[in-house]
Amino acid sequence: MEPAIKLSHVQKAFGAKTVLKDVSFAIDPGTIVGYIGPNGAGKSTTVKIILGLLRQDAGTIEINGRPLREDDNDYKRHIGYVPEAVDVFDALTAREYLTLIGQLYGLDEAVAGEKAEQLAAIVGLAPAFDRRITSCSKGMRQLVLIIASLLHDPDILFWDEPLNGLDANTVLVIEEILHELRDRGKTIFYSSHIMDVVQKLSDRIILLNDGEVQADGPFNEITSGADTNLQELFNELTGFAEHGEKAKAFVDIVTGGDR
Amino acid sequence: MADIQMPKALQWVRLLRPLLEKYGVDYRQYCLVVRTKYEMAARSQNGIGLTMQTNGPKKPSANPMRTSFLVNLLIGGVIALLMALYAHTSLMTQLTTLFSTLFIMFFLTMLTSYSTLILDPRDRQIFTVRGVSGRTLNLARLSIVGMFLLLTILSLGGPSLIVIAMSQQNIPLVLGTLLGALLLALFCFVLSLFLYLLVLRFFDGERLKNILNILQIVIAIGFYISAQLPNLLGADVLAKFNFTIPNNVFFWWYLPAVPVWFAGPGLLMAGVFAPSAWLLTVLAVVVPAVLLVIYLKHAGRFEQYLEKLEQSDATSRKNGWWFTLSRRVLTANSEEATYYTLGWRMLQYEREYKLRVYPQLAYGLIIPLIMGSAFLRNMSWAMAKNFAPYLSVGLILAVPTALMMLRYASQPEAMGIFRFVPFATQGLLLRGIVLAMFARLFLPLLLLYPLAMLAVAPATALTSGLLVLTLSLAVTFLFGRFMVGKVLPFSAEFNATKGMQNGTIGCVTVGLAMVLIFAVIMVGGLVHAWWLDLIGAAIFGVIAWLSWRSYPRSIMYDLHLQETESDQD
């Protein structure tokens, strides 16, 4: 079976700063991968390279066994993307925006609109469906992004902080949606800073630190069965141990001294 | 798969289909991008659509460009009047005047209204990740801007074409002039794209955004000032340059004087088959065409470079000495200093503010020169230098615009913070921000000008400087209370409709400012006495102080910002 996503020795630098030093991994279809790392580790850069928003300096990328070329756009029809920043045309209504996205993926206008409306109704977006996105709450906007990534039934999903702004009930629904999609053979590349969610959702975890893959495997495997959680492992692998001291120093400043 | 439904105004897109597909454009995606950009422009608040704001999807598409078209038509009418005044001159003079005016108008429109359509980093996040190629995206973007530009041409140039048709009774000439206008618009269009491409190529992150802003502001100022050049020189000086340009002689300065080229097609169609007309026509056709071909070859890079707009850099900013010093000297207490800092920072980063106010500042410097040029030119130097120290008073012409624009910000929702913090002395916020505006924009010029005047009129340079400074401060405080007044500063997104409503207030205050400017220059220059300056400075100083004191501490702003769904949670 061909990997859904395969990166081999991908490197990327912005000027003098090397963001990705040598990143390689292969992800099988039907897997939820938690792609984690501290800010600036290179997570978003990896996703942007795969989506064709940036070009790597070295290395190769394959999607569904097909190497990506510079002018390749067809593979993007198999990908659904939720960006971390809420990049939408907020002068449009949710219906208009989602219909546009469906049409960009080749759906007919009526089909895209109807499918978007059905999905919106399930996740509670219906009341805002015909309002301009600019007047929607953060959670509503996030739901627009999530629906936009799924309208065309993609094989691979790149979701960057997808639960931002969602209420607890909707989070549960989205988590279930992810499992359901995985069970139907979709590959999900999930990036988040909320470690307990990543631990709960992911079949496999890739930890990126300083532009390199520092850990890669199922949670039990990378912890060697030790009695720990992903947050502790993350702190350990990224060399961050002084959170207690930092918190104390912070509160000292807030309250004007040690009490 | 069904074709994409296009609004009526975009039906022309179908005609381009064979050409686009031959060029490798995905026609379906192209239509989607064009339609989306059109809808968004129609709903934009920056002057492209100028529609009434609604929350729903329907109304804006009904007739999105009508108001904007009518406003431009009004300006076109003024240009046509100018053409009527020039009707007695040679055809070349008329066409040069028309195309110089249109060149300024087109270029400013490209830079102010359409740059947001061209430089939208969301395009990559939304279209590129969904498989829209750089070529398709770029051409769609150019098509929609081209369409808006065409409407601008028709509205701005149409009335002048009618005047030419009526005065010259020559239909081929009208067609030639129309062709010239279209080529001129194409030239402005491609030239501005090249400017953007150049800046995107060489700069990154915040620096890139700053350079783009500076480029737009500098060009806007340059055009405003150069448009006043004929007034500044005066009719008699222009006459010495033999301002009636003959139809059939080629002058070397035609080459750098770009708008002149576009008179070529009109001259040819009017039957002027002189070599100069042919040469100008060749320049008008070939240069925009070559630029367009070169641009299209590099269009893909434009898409890559747009990614840079999303990057940020790690350079830290330090407070400048002028900010630190002025804040310490001008603010009464730490709370006012906080608002002063807020005002200063906002003015530092608000592009729209700079685009609209900086040209007014440049205007304020040049207007007294224009007003005075008619009689100063005929005076002896000994007499003229008495008036020179007072000319900086022209800067108060920019005060109304600078104050009015304090209401607006690109992210007004950020001012929502004042809904949550204890905010008992709201008058200090207004005063702090007005002070910051004055210190940032006006004070340096008002301090430097008298120093420069020491060489010209040492007796009154400093006292006149003090007079102008106190007058400007008094005007700023008085107008500030009146114009910004009850509205929380930076709490509304600028839109051209509001801009027009404010235009009425602006006209009255600008009129008052003009009277003051005239009075100060005339009285100051004629009497030319340091003691009178000091008396004036004392009076205006007291007025400024009283106005400053009068800012009520108990203003309660309506802190109602645009509501979102989350406000109802």
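Cβ from N, Cα, C; glycine included.
Model, not experiment: these values are computed from the prediction.
When TrEMBL is compared with the stretches B:250-270, B:439-459, the one noted as transmembrane segment is B:250-270. Contacts between the transmembrane segment (B:277-296) and the transmembrane segment (B:171-199): present, as 3 or more C-beta pairs lie under 8 angstroms, all at sequence separation of six or more.
Note: the stretches the transmembrane segment (B:388-410) and the transmembrane segment (B:171-199) are not in contact (fewer than 3 CB pairs below 8 A, sequence gap of 6 or more). Annotation: stretch B:99-119 has the most Cβ pairs under 8 Å to the transmembrane segment (B:69-87), among B:99-119, B:250-270, B:466-484, B:529-548. Under the criterion of 3 or more C-beta pairs below 8 Å, with sequence separation of 6 or more, the transmembrane segment (B:529-548) and the transmembrane segment (B:466-484) qualify as touching. Panel annotation: around the transmembrane segment (B:505-523), residues 367-368, 371-372, 387, 390-391, 393-394, 396-397, 399-401, 404, 467-468, 471, 475, 479, 483, 532, 536 of the same chain, lying at least six beyond its termini, place a Cβ under 8 Å from a Cβ of the stretch. Residues 91-92, 95-96, 99-100, 102-103, 168, 170, 172-173, 175-177, 179-181, 183-184, 187, 276-285, 287 of the same chain lie 6 or more positions beyond the ends of the transmembrane segment (B:250-270) yet place their CB under 8 Å from a CB of it.
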